[in-house]
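Peer 1: I grabbed these lines from TrEMBL:
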BINDING   Asn7, Glu381  Mg(2+) binding site
BINDING   Lys14, His205, Leu206, Gly207, Asn208, Gly209, Asp279, Met280, Arg281, Gly327, Ile328, Gly329, Glu330, His331  ATP binding site
BINDING   Arg88  substrate binding site
ACT_SITE  Asp145  active site, proton donor/acceptor
SITE      His177  site 'Transition state stabilizer'
SITE      Arg238  site 'Transition state stabilizer'
Amino acid sequence: MKILVLNSGSSSLKFKLYEMSGKRVLAQGLIERIGEEGSAVHINYDGHHSDQEIPIPDHDRALGILAETLPKLGILESFHALGGVGHRVVHGGEAFTEPVLIDEKVRETIRRLIPLAPLHNPANLRGIEAVSRLAPELPQVAVFDTAFHQSMAPEAYCYAVPESWYREYHVRRYGFHGTSHYYVSRQLARLMEMPLKNINAITLHLGNGASACAVQGGRSIETSMGLTPLEGLVMGTRSGDIDPGIHLYMNKYGKLSPEEIDRQLNHESGLLGIAGVNDMREIQARMEQGDERAKLAFEIFVHRLVKYVGAYAALLGRLDALVFTGGIGEHSAPVRRALCERLEILGIRLDPEANERTGDEAHAIHDTQSRVALWVIPTDEEGVIAEESYRLIGKE
Ligand code: ADP
């Protein structure tokens, strides 16, 4: 059975096509600048590339082009020959604790949750609706970024704010990157050859967005993102935790509107706000040339991580493993080294040579003295979406 995984953004559509027997990736790609000038389709398949610039006014057309192009390239007989489509959906609120087959009720619930993810959920829905119009017979599955964290206890997910904020406006911590934390925690158990239920781990998803998760026996008990992805760690362009009083202060004295404050905290803060660039590779390169702002950005990034890992170790009561994933987690040896050096209090001992190893394979980076296993595990969110879709569609 072939499963198409879609990540539908406001002006882009990322896809990955799987043959589920043997779980092979047949093709992957990106349709970008939908509804804008210079829209284009990029497809990688079987060692080949196909790139075409073509006007794409909306998501329906984007999907239509994909449905025409995949058979033309000999990758798929026809769009209708798919077994189904799996979608990444950002916000499942309290309604979804696991992946679901999409029906009208599910769509309505994703729509109802739009205030919690005003940019993402409408874009995700556009992808779902485009598939329904093009191939109404295909089963579709939604896999939510928030679902894995629904296991958090009230003391972890409740903000200490008036109860009516939660009751009337659903203000609570939800967490994101759930599919990634779910995947790497399961891979960890496999790699450590231990039952998942016996492992207390902290998983660090460090990409352009970044979050930490405390995973106890395979369940998320705490995570660093909150109502929105803005809370928690320092990220590429997001501030992570700040004093909520700053909002009013900058509104009053900086003369910034609430929308402008929100924009700057999401898009002009984090590494970018401090160093002028959001790419960790560039920060590291500038640090080596003695750039003080880059050094400060790196140090703030690591300092925040130390605080979170320390706190989560205390919450877990015992720490068996620390997992690094996401672009920075998987590839930045300097970030992992700086963090692990500051965590010796937890019994963490890095193997410096293993830490420098490059490549896309999961590998351990602890030395024999370490009380905590340290692992680099490449994440595979699309793979999880494909598998979960296959599982649910197979049940039909
Ligand atoms: P996204 O969250 O957009 O999916 P990624 O998971 O791809 O992002 O992570 C992007 C981040 O990973 C960027 O900050 C980038 O600089 C960083 N990164 C990628 N490769 C390296 C590397 N070799 N060394 C340091 N940082 C890296």
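Backbone N, Cα and C define each Cβ position, glycine as well.
Automated prediction, rather than curation, is the source of TrEMBL annotations.
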Peer 1: Looking only at C-alpha atoms, tell me how far Ile328 (ATP binding site) is from His177 (site 'Transition state stabilizer'), rounded to the nearest Å.
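Peer 2: Per the Cα atoms, Ile328 (ATP binding site) and His177 (site 'Transition state stabilizer') stand 15 Å apart.
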Peer 1: What whole-number Å value do you get for the CA-CA distance of Arg88 (substrate binding site) and His177 (site 'Transition state stabilizer')?
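Peer 2: Between the alpha carbons of Arg88 (substrate binding site) and His177 (site 'Transition state stabilizer') there are 11 Å.
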Peer 1: Would you count the other C-beta atoms found within 10 angstroms of the C-beta of Asp145 (active site, proton donor/acceptor) for me?
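Peer 2: Neighbour count, Cβ to Cβ under the 10 Å cut-off: 26.
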Peer 1: Does DSSP put Glu330 (ATP binding site) in a helix, in a strand, or in coil?
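Peer 2: For Glu330 (ATP binding site) - judged by DSSP and reduced to three states - the answer is helix.
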Peer 1: Taking every protein chain in this structure into account, which of the binding-site residues Asn7, Asn208 has the most other Cβ atoms within 10 Å of its Cβ?
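Peer 2: The largest 10 Å Cβ neighbour count belongs to Asn7.
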Peer 1: Can you tell me the CA-to-CA distance separating Arg281 (ATP binding site) and Asn7 (Mg(2+) binding site), as a whole number of Å?
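Peer 2: Here the two Cα atoms are 26 Å apart.
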Peer 1: Of the recorded positions Lys14, Asp145, His177, Asn208, which ones put their CB under 6 Å from ligand 1?
Peer 2: Asn208
